[in-house]
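Chemist: Quick one: structure below, then a few questions.
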């Protein structure tokens, strides 16, 4: 027993030294840079190194498949059906031209017209442009994650060893480090905002609150090894406005809040999330709603209007899609935030899925599973564009204004602009969509009849 004491003492000393060194490294390279908003460029060197490894792994897979004559899976980036942007009227005329001897603009129904709707229905089943927006974006190259590779199989000893080494690095080194950083960032956020909340209102409290929020969100960004490129920072949202952005993941909030100071809008939760909400609202005027209040559109609009009318209050951060989309497109914006007459600051967020998929498929993964997948990815790489502020025009209604903002975000982020409601992920198609197609077809028939009568 006594002979073991020196060995036990040695282990304790080594453990103490290791923890001291680890804490010092975290303090010098992560926490202090987060406080001052600077970076040593280590993450970008890490990203460039990963890119070279990914290229080599992809070339090795392609060469190995060619040698063994195995077909390679290639994702359909633009869909599996080639679609031409033509109108209903043009397509029905084309069908009538090829299969009918009647006049092309005959004002009555023809049996051949149903082929247009049958074809559209089959195309939608085969290549549904809505459903595929709620699944992970497919990659053309392998990023050494078996979850993203359809060609994953034994190719060579070197490639297998490299993949195994990647698993060890991600789960045994990066995961514990990221968990420690996330715990540090969240703990500092709760403690810091609670302390600041006891200070009297004034510039000093606002200054401290802003820098506590920025510091903690930047630590959380580093917990994901997030590499973010911000563009056009002169267009960042200002007080009294509304910041709207496309929505891919819950971490969208952290991505934006690490570069700006926002008032959040959301429902009050319980548990850990509720504790964080109660802490941050003491230091910053966030807009939280009770569960019973969320469905009251008029109450929500009133609270938001009161907030934006006070030009001293922070810009509100809103994701008007209302659900997470896989970062290949932007879906319909809810009109509520565009009805209150505030200046809108559009923001486009585009993630690079090569290093890790940021999309949260909430119908497939719970929050804990999703965070585990995020923290065991290589990194989160994204670009953020701040677009010039936009205001509602006199002749615009809220829906038209929302669509104009959505189009600007989609265009800047290189995303597909869709008119569909993201709520279709969990709900059936509304009858209004069906009625719209019926009205369009009726208008085509009536319009043709009116044109013949005039001639």
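Glycine residues also receive a Cβ, built from the backbone N, Cα and C atoms like all the rest.
Whatever TrEMBL says is automated annotation, not expert-curated.
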Chemist: Examine the ranges 136-154, 155-173, 212-230 and name the one recorded by TrEMBL as transmembrane segment.
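Modeler: Of 136-154, 155-173, 212-230, TrEMBL gives transmembrane segment for 155-173.
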Chemist: Which range, 12-42, 43-73, does TrEMBL list as transmembrane segment?
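Modeler: It is 12-42 that TrEMBL describes as transmembrane segment.
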Chemist: Looking at 179-200, 245-266, 267-288, I want to know which stretch TrEMBL calls transmembrane segment.
Modeler: 179-200
Chemist: Are there residues at least six beyond either end of the transmembrane segment (12-42) with Cβ under 8 Å to its Cβ atoms? List them, or say none.
Modeler: 180-181, 184, 211, 214-215, 218-219, 222
